[in-house]
Structures are given as structure tokens and as C-alpha cells.
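Notes follow the structure.
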Amino acid sequence: MGSEQNDSTSFTQSQASEPKLCVKGCGFFGSPSNMDLCSKCYRGICAEEAQTAVAKAAVEKSFKPSPPRSLFIAEPPAVVVEPKPEKAAVVVVSAEPSSSAVPEANEPSRPARTNRCLCCNKKVGIMGFKCKCGSTFCGEHRYPETHDCSFDFKEVGRGEIAKANPVVKADKIQRF
């Protein structure tokens, strides 16, 4: 009888060590830690659950009544300061920024096109070439001659040479 018990335990151990196919039937082997799913199917289910939780939270938030805005936003009162009686002007100080303090651009701000060639508008991605004039170019327009670069390479070169080779002038020798 003792040998029959050993045979049954060895049979269940051999069954447990055999790999099981994915429950979804994709053809890959599943793991008990992943609910007998393969890693790809398990990741998909986890992603769906996370998306569902986010959507559920968004729906609950939209149904939740928001308190009136007047409770949170209090308008700052205007402060009137009267200077000495010599001046007849009244100064009004407000907490709101004045229009002269904030500069307004006449043109609407456009996002910088750092991933496109300035000449042909071709997408360059990571292979874009940054020129010294500050623009990004494709492989065809990367040279200064091909895109009419406004950067003065000669002047910069002259400046670097002058900096690297300072003029050394010795004092004049005095004769007796």
C-alpha cells in the first residue's frame, strides 16, 4: 500500500511539471502565475483592466457634481490709495496684471519644427543635421552651400585663430 501512495504522488508531480498551453488558445505555453495565460495574453488582459479602470474613474468624475465656481474663485478687491493732498490724482492698484506688463506677440506662436528640414520640409527624425545657423536640415540640405546658410564661418574661424594664437610682442631693447 505504501508503494501505491508513492506512485500516485509521483504521477501528480509529473502532471504539474508538464507545461500547459495558454487558456486563450494562442499556441504558446501558459504559466500558473499568469492565470494559465502566456505572457502576451496576460499583458493584454492587464492593459484592458487598467484602461477599464481609468475609463470608469473618468465616468464617475463626470457624474460627480462639481461645486459652484464662486466658492473657489474670489475676485481680489481693488485698492485705492490716495497720496498726499498736493497731488490730485488717485492711484488705483489692482491685483490683475495690466496689459502693458504682459507683452503680446502679434503673430501666434507656432511650434518649433525641429524634426523637419527647413528647405524641403522633409521629416528627418533623429537623423536631422543641426547647422550653426540654428536650423535642422535633411541629408541633402545639410551643407551650408545647399541651404544658403546665413552663418559667417569665415569670421568665426578668424576669431578662433586669433584667440588661439595671440600676438606676443616683446618690450623694446634699450641700447646704451
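Note that the numbers count up from 1, one per residue, in the order the chain is shown.
Each residue, glycine too, has its Cβ placed from N, Cα and C.
What Swiss-Prot records for CYS22, CYS26, CYS38, CYS41 is Zn(2+) 1 binding site. Per Swiss-Prot, Zn(2+) 2 binding site is recorded for CYS117, CYS120, CYS138, HIS141. Annotated Zn(2+) 3 binding site per Swiss-Prot: CYS131, CYS133, HIS147, CYS149, in sequence order, evidence recorded as sequence analysis. Per Swiss-Prot, zinc finger is recorded for 16-50, 111-157, and the stated evidence type is sequence analysis.
Location within the structure of each feature annotated in Swiss-Prot.
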| residue | record | DSSP class |
| --- | --- | --- |
| CYS22 | Zn(2+) 1 binding site | coil |
| CYS38 | Zn(2+) 1 binding site | coil |
| CYS131 | Zn(2+) 3 binding site | coil |
| CYS138 | Zn(2+) 2 binding site | coil |
| HIS147 | Zn(2+) 3 binding site | coil |
(message) Considering every residue in the zinc finger (16-50), what is the mean pLDDT value?
(response) 86
(message) Fewest other C-beta atoms within 10 angstroms of its own C-beta: which of the binding-site residues CYS26, CYS138, CYS149 fits that?
(response) CYS26
(request) Give the distance between the Cα atoms of CYS138 (Zn(2+) 2 binding site) and CYS38 (Zn(2+) 1 binding site), rounded to the nearest whole Å. (result) 44
(message) What is the set of residues, excluding CYS131, CYS133, HIS147, CYS149, whose C-beta falls within 8 angstroms of the centroid of the C-beta atoms at the Zn(2+) 3 site?
(response) LEU118, LYS132, SER135, PHE137, PRO144, ASP148, SER150, PHE151
(request) Going by Cα-Cα distance, pick out whichever of the binding-site residues CYS22, CYS26, CYS131 is nearest to CYS120 (Zn(2+) 2 binding site). (result) CYS131
(request) Taking Cα atoms as reference points, rank the binding-site residues CYS22, CYS133, HIS147 by distance from CYS117 (Zn(2+) 2 binding site) and give the first. (result) HIS147
(message) Excluding near sequence neighbours, so keeping only residues 6 or more apart in the same chain, what lies with its CB under 8 A of HIS141 (Zn(2+) 2 binding site)?
(response) CYS117, LEU118, CYS119, CYS120, HIS147
(request) Starting from the Zn(2+) 1 site formed by CYS22, CYS26, CYS38, CYS41, give every other residue of that chain whose CB sits within 8 Å of the mean position of their CB atoms, in sequence order. (result) LEU21, VAL23, LYS24, GLY25, GLY27, PHE28, GLY30, LEU37, SER39, LYS40, TYR42
(request) Give the sequence-ordered set of same-chain residues, not counting CYS117, CYS120, CYS138, HIS141, with Cβ within 8 Å of the centre of the Cβ atoms defining the Zn(2+) 2 site. (result) ARG116, LEU118, CYS119, ASN121, LYS122, VAL124, PHE137, GLY139, GLU140, ARG142, HIS147
(request) With a 10 Å radius around each C-beta, find which of these binding-site residues (CYS38, CYS117, CYS133) has the fewest other C-beta atoms nearby. (result) CYS133
(message) In whole Å, how far does the CA atom of CYS149 (Zn(2+) 3 binding site) lie from that of CYS26 (Zn(2+) 1 binding site)?
(response) 57
(request) Would you please pick out, from the binding-site residues CYS41, CYS120, CYS131, the one with the fewest other Cβ atoms within 10 Å of its Cβ? (result) CYS120
(request) Could you put numbers on the helix, strand and coil content of the zinc finger (16-50), residue by residue per DSSP? (result) 17 helix, 6 strand, 12 coil
